């Protein structure tokens, strides 16, 4: 009890944020929203000129219509700001633990600013058009039409932003779920990632704008860029951004702190690669898959440098993706993305699920925090095929919509295939969620190695009972986190039957948390080595004595100590249904947007293509009747 009282003052809240911070964040959001409304409606009424001036400047540089140029650029910049904040935030939580609220962590300001910037970009796209921005535009009033991409941007931003207040409600009801894959966290991440699809829709609509035939020349500082080159650069960058967004879901594996089975990693890598690269190759042509990966590496590399060496936090790693891009480009030579988009998506997805996953397995041995052991390769290829085939189908659907191909996305069987792919992917994710805890224990001996900044570090030797409980483990390591310093990972080396020893010392005092983690198939278990008292939960200290024997426990009970255990099951179910409804709504809205622009835009594109063919056709030569000469 005295230990809990001593820790009470320093412990951040384990439930909802302080009410003052919630009110403060809400007030700031309300003021910014009001300012956007005033600017936007003022522009529509001709009283505010600044938006038109900035939009005109962006149009001169990009060659896009004003209503697409400024919003697309603003949304892209906002996404980079949000990604910057996200990776910083994850590192802070891994190293330092909980924070008192949304305004107590500097990284949250970047995330909130980025997500609000996406919403602002969508609003700009809605208010900037002075005439109907193409045949797919949505009518608001008699003389006000909004591009579909602008509406989708607002929807994606709302989906992400609503995750913040729902996250606080979730913390109050269920305690903090200290995992990247908490339901409300997935809303924030998913909304940001899907923003790239909305941006690509907006760029496709720009082709349908009155007077936009796609042959205009870019003016201003980038005049050396032809319109085709500028368009390709925008598309490749957007698909690279989409790859960054979808790779966020693998974040726990990138940091080496997964709370879910190893097979999730190849599934998510394959799905993200196939969806993004198939769509990129379909829309932007030869080399687009490789270009998207290059953009991914540049941005993620800069983020990794910021989070690791510059801020001094735990560094993030990243998948390779190069092999996946190469097989997608190869698949495009075998099957035409234009003539057989779904066959191309299936072939590319199958290659990603096999060749790509073998390449990722090799990459994990040298550049990822957790290497894939050889015995998981059959399972990795199986789930990789599921991720690749479903992602390839979705990539073909998205690519067809962005190319304004109603013949690719307009039929019930086509959007039915997209829906089926989502359901299969979701079912696979659900099936992998099942975990078990074996009936076993570990006798642990700690040998003190050194003392650093008042914290004891010790090497741990564990003797498991039964002795074979850790045989063929997917990974077995010691881990220490949230000690106001970088994450400590200590893989365990086998020294005898059932006996393992950490390869480096673990911190076992102070504010650190340390445990021995065992993952093997469905088994996800852990033995706590040291856990400090936490008055906010409340829970007492688990001491690191020189010798102790403890049972294997569910990892969730250790890594997510803050979660409440007395919440009724029906409340968990209801909250899950609410989040699921939001997810279904945003995915359905994006699908509707892709079908709408392709259905209403395809006739105009076909008409322009026929006109271009007539303009470039050689003049006909009158035939000379036989015998006229």
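Note that Cβ sites are derived from N, Cα and C of the backbone, with glycine treated the same way.
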TrEMBL annotation (transmembrane segment) - matching range among 42-60, 213-231, 232-250: 232-250
Transmembrane segment according to TrEMBL, located in which of 287-306, 307-326: 287-306
186-203, 438-455 - the range that TrEMBL marks as transmembrane segment: 186-203
Correct range for transmembrane segment (source TrEMBL, candidates 342-359, 360-377): 342-359
Sequence-remote partners of the transmembrane segment (414-433) [C-beta within less than 8 Å, at least six residues beyond its ends]: 260-261, 263-264, 267, 271, 342, 383, 386-387, 389-391, 393-394, 397, 400, 408, 587, 591, 595
Selection from 20-41, 186-203, 232-250, 262-280, the stretch that has most Cβ pairs under 8 A to the transmembrane segment (379-402): 262-280
Stretch with greatest number of CB pairs under 8 Å, the transmembrane segment (262-280) reference, 108-128, 148-166, 287-306 candidates: 287-306
Beyond the flanks of the transmembrane segment (148-166) by at least 6 residues, Cβ under 8 Å: 22, 25-26, 29, 67-68, 71, 75, 102, 112, 115-116, 118-119, 121-126, 136-138, 184-185, 187-192, 194-195, 197-205, 578-579, 582, 585-586, 589-590, 593, 596-597
Considering the transmembrane segment (287-306), which listed stretch of 20-41, 108-128, 232-250, 342-359 counts the most C-beta pairs under 8 Å: 232-250
Chain residues outside the transmembrane segment (20-41) and at least six past its termini with a C-beta under 8 angstroms from it: 48, 50-51, 100-104, 112, 116, 119-120, 123-124, 126-127, 161, 164-165, 168
